[in-house]
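Handing you a structure now.
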Amino acid sequence: MQKVSGSGKKTTAFQQRKSDSVYNNNEMNKGTSSISYDPVYFVRDASSFTKTTHERAASVKLKLEHLYKVTVEQTVERNQRRMDFEAKLAQDRGSEERKKRQLNSLGQKESQFLRLRRTKLSLNDFHTVKVIGKGAFGEVRLVQKIDTGKIYAMKTLLKSEMFKKDQLAHVKAERDVLAESDSPWVVSLYYSFQDSQYLYLIMEFLPGGDLMTMLIKYDTFSEDVTRFYIAECILAIEAVHKLGFIHRDIKPDNILIDKTGHIKLSDFGLSMGFHKTHDNAYYQRLFESKINTSTSSTQNSLMVDTISLTMSSKDKIATWKKNRRIMAYSTVGTPDYIAPEIFTQHGYGQECDWWSLGAIMFECLIGWPPFCSENAHETYRKIINWRENLYFPEDLHLSAEAEDLIRKLLTSADQRLGRYGANDIKLHPFFRGVNWDTIREINAPFIPQLKSITDTSYFEEIDTIPNITMNSPPVLQNKIPSDVDQNLAFVGYTYKRFDMMTQKGIL
């Protein structure tokens, strides 16, 4: 649009607006040259924000931190894999053309892995073959991945129970130790994912059952058999410690037998690392107020409730062993293998796992744990006062080396063998003749006889397992976590393992 000015010249609307603006500014400046302006301060008070705003801010902060952490870790891991592969090729006498093809193949696998990482897994990707275990927080199933036919053990955890029982830090630590480990002594984790109600851990299936089943069946082991299993347990515990974790729940139930008869550690639900997300206080701060927990839980979520057990003579030890399996599936668990310093809560380190090993060795040779009693509270009392309660039956004769090793493991933390590392235990005379580098290559004392890849004959039939379901009892409304809380607590739980994703027959 144009208009004619008083001088007869045509001006545009833009030129007119600019002229008016300059005029108005000049007029204003004439009378304001002496006026001073006070600065304006804005005070941001977070307390005035709504709960929803706080939750969203916390969620964004946590997700950004996780995104940055994962991006850096993936880049470092990818570069390290290439460097390791190049170092391996440098020692290969093959042609340069062949090496180049192998490097290109690695690059293709890396690209494929990145695409697969973005693929969301769900329960629909797996077919349940059989339920092989139940617990207070979930269950374990033998499953088959639909697109590949591969067999796994699927551990499911109920999210609401994790909140109620104050298990968030332990859940994260369990996932992390399984994801970080590539040791042959630790159960391999292939995937982890979640939905609105459950967490899922997809792990290797070990068809030989566990050490507890063997102890129930055979009562006791010879010293040679005990030496084999305890030596392998030492290497397994050492592998966990090297990752910077404390297992805290070493017991026969958590020592699994693979198809070759060798052991692997499992169930890191009470493990503790040194990352902030492995500390319950982190989640309490994250949610602003502490989530109510069960009255039976103690600090570190080690629960000790009364269990009706009877053991006043050898004849009644059979009753204890029968109830032993029931305890394994209960919310309470068994305190028989827990170190005294964990109960007293005066601080403890990795040496607490060596106490547990001593208790297992005692049971392998004697037939029952060293402090088993009529109930869990009595066991707790005996462990605290271990000096007055540790004794060896006179009618059972152990070698001097075996008894000495047990006594050096079942002692105070500051005197315990292994407090400076696993090598001190390996050097004990009881293990004279053990080749620590090749022990996994020798024939195990017991090798499972399997009929198929889905053979579960070494697992107890589910009908005989205590009826502990995944359904939670009614809870108060303030104990039910909000969707935002659940999202915050389990950010970063998803995982896929690279080495399995790139093998022939991609998962």
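The backbone N, Cα and C atoms fix where each Cβ goes, and this holds for glycine too.
Quick paste from Swiss-Prot:
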- ASP249: active site, proton acceptor (ACT_SITE)
- ILE132, GLY133, LYS134, GLY135, ALA136, PHE137, GLY138, GLU139, VAL140, LYS155: ATP binding site (BINDING)
- 126-431: domain 'Protein kinase' (DOMAIN)
- 432-505: domain 'AGC-kinase C-terminal' (DOMAIN)
- 1-30: region 'Disordered' (REGION)
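I'm curious about the neighbourhood of these features; can you describe it?
For ASP249 (active site, proton acceptor), other Cβ atoms within 10 Å of its Cβ number 22.
According to its DSSP assignment, LYS134 (ATP binding site) is in a strand.
Computed over the domain 'Protein kinase' (126-431), the whole-number mean pLDDT of the model equals 79.
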Measuring Cα to Cα, how many Å separate LYS134 (ATP binding site) from ASP249 (active site, proton acceptor)?
18
Among the binding-site residues listed here, ILE132, LYS134, GLY138, VAL140, whose Cβ has the fewest other Cβ atoms inside 10 Å?
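If we count Cβ atoms within 10 Å for the binding-site residues ILE132, LYS134, GLY138, VAL140, the smallest count is at LYS134.
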What does the structure give for the C-alpha distance between VAL140 (ATP binding site) and ASP249 (active site, proton acceptor)? Integer Å is fine.
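Counting only the Cα atoms, the answer is 18 Å.
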